[in-house]
Amino acid sequence: MDFFEFDLEDAVLDGLEAMNFITPTPIQEAAIPFLLSGRDLLGCAQTGTGKTAAYLLPIVNRIYLGEFNEDSIKAVIMAPTRELAQQIDQQIEGFAYYLSISSTAIYGGTDGVVWAQTQRSLEKGTDIVVATPGRLISMLNLNMADISKTAYFVIDEADRMLDMGFYDDIMNICRLLPKDCQMVLFSATMPPKIASLAEMILKDPVRIELSVSKPPTTIKQYVSLCHEEQKLAVLKKFFSNEEFVTKGAKTVLFASSKLKVHQLAQAIKKEGLSVAEMHSNLTQAERDQVMRQFKMSAFDILVATDIVARGIDIDDIELVVNYDMPKDPEDYVHRIGRTARGNSEGGTAFTLVTERDLSAFYSLEHFLGYTVVQLPVDEDLGSVPVYAPKQGAKTWQKRGRRRRPSARSQSSTKSSSAKKVAKRSKETEHKEAKKRSSLRKKPNYNRYKKDLTNKNHGEQNNK
């Protein structure tokens, strides 16, 4: 199948051809026909599957056909981070290259000049608004934007938004939309909270759920088991090993917090490596500059938090390091998949696994269906956590796939249970007897206190 088989206008197809879009991805093939027909949609697909084009192409096509109210913001797209909002806005420019369709990206961390430009764009009239929830709320509160006639509303990476605490903002924005607004919700995962949100805001939605893809086989994956305090030493040793890391390799290093990002960047810099950091404490101008420099290979290693790094769209990344183990296999696949973009030879992924990560690591290997290569840690660093997959498998079976015990195991279980009950009964009886004995021996302190008081009164009378 190709894009010409969709009911898209020639001008839209010209834009796709200019951007070298030829064959639709599975999520695009499944979602575009429903979105063109005006249906609400709940989609479960990872970043990198082409979901952005899946919801943008129907928007662009329908605006071009004049299906929406001319004097209004026709579509609103919400993204969790500034980087992702920028990336979406850039894709709109590409798809609408041969069309007279305007878009405005609204996000925080900008200076007064950018704010004024955004305000002028909204006053002049824009077709599509791409915004982070907090900044869109600010615009609405200041009456700088009106979404009462908006016909198309998209929530991208909804799971991340909820993780970041945007639930109330999302609901407040949805209340301002017209009842007939077409709603689209995309999420990389489908936890109960996403299903609940979808039930509240979507009307008879089409549900499209793609299974999480495995990492490309071209990506070389390694892990090292270590304690938290050993991580930095293990990382430095890995960077110095030319067998795994080529000099000047473009690297993204993920850490769990902005404080850790800063500390890691400083520590790596002391090793003589070129590094930059990216987290939410930087202004938008600073983050834009970091990304430009990284694309131009002005430095080799970018240390970033996962949420901020979701907007990174660079094809020649050679190495991904998970300084902190991702919680979900989906996040792991998404992170290391960056090394395969535009790189036919794949790349390298290195993950540090502590004792607290062993359960998550077992879940990852179970999901992958194979064992990730473990790199040993130098003995001079001391002991390291022990990973026992068999023990992990028992834990996994206990939580999920329980087996019915055999008759023999049932009888032995009953026997051991009876022994435990008898033991508990004997212990209880012993405690009760001890308690009764202590009560018998316990002196009557109230009586003693009364006698002592009478004695003192007698002595005072004698005086």
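Cβ atoms here come from the backbone N, Cα and C positions, even for glycine.
Residues or ranges marked as compositional bias 'Basic residues' in TrEMBL: 396-406 (among others).
The compositional bias 'Low complexity' feature in TrEMBL is assigned to 407-419.
Under the heading compositional bias 'Basic residues', TrEMBL lists 433-444 (among others).
Here TrEMBL flags 448-463 as compositional bias 'Basic and acidic residues'.
Sequence-distant neighbours of the domain 'DEAD-box RNA helicase Q' (1-29) (same chain, 6+ residues past either end, Cβ-Cβ under 8 Å): 36, 43, 45, 49-51, 53-54, 57, 60-61, 64-65, 94-99, 208, 210. Residues or ranges marked as domain 'DEAD-box RNA helicase Q' in TrEMBL: 1-29.
If you look up TrEMBL, you'll see 32-208 marked as domain 'Helicase ATP-binding'.
Annotated domain 'Helicase C-terminal' per TrEMBL: 218-383, in sequence order.
Here TrEMBL flags 392-463 as region 'Disordered'.
For the motif 'Q motif' (1-29), the mean pLDDT of the prediction comes to 89. Annotation source TrEMBL lists motif 'Q motif' at 1-29.
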For the motif 'Q motif' (1-29), jot down how many residues DSSP puts in helix, in strand and in coil.
16 helix, 0 strand, 13 coil
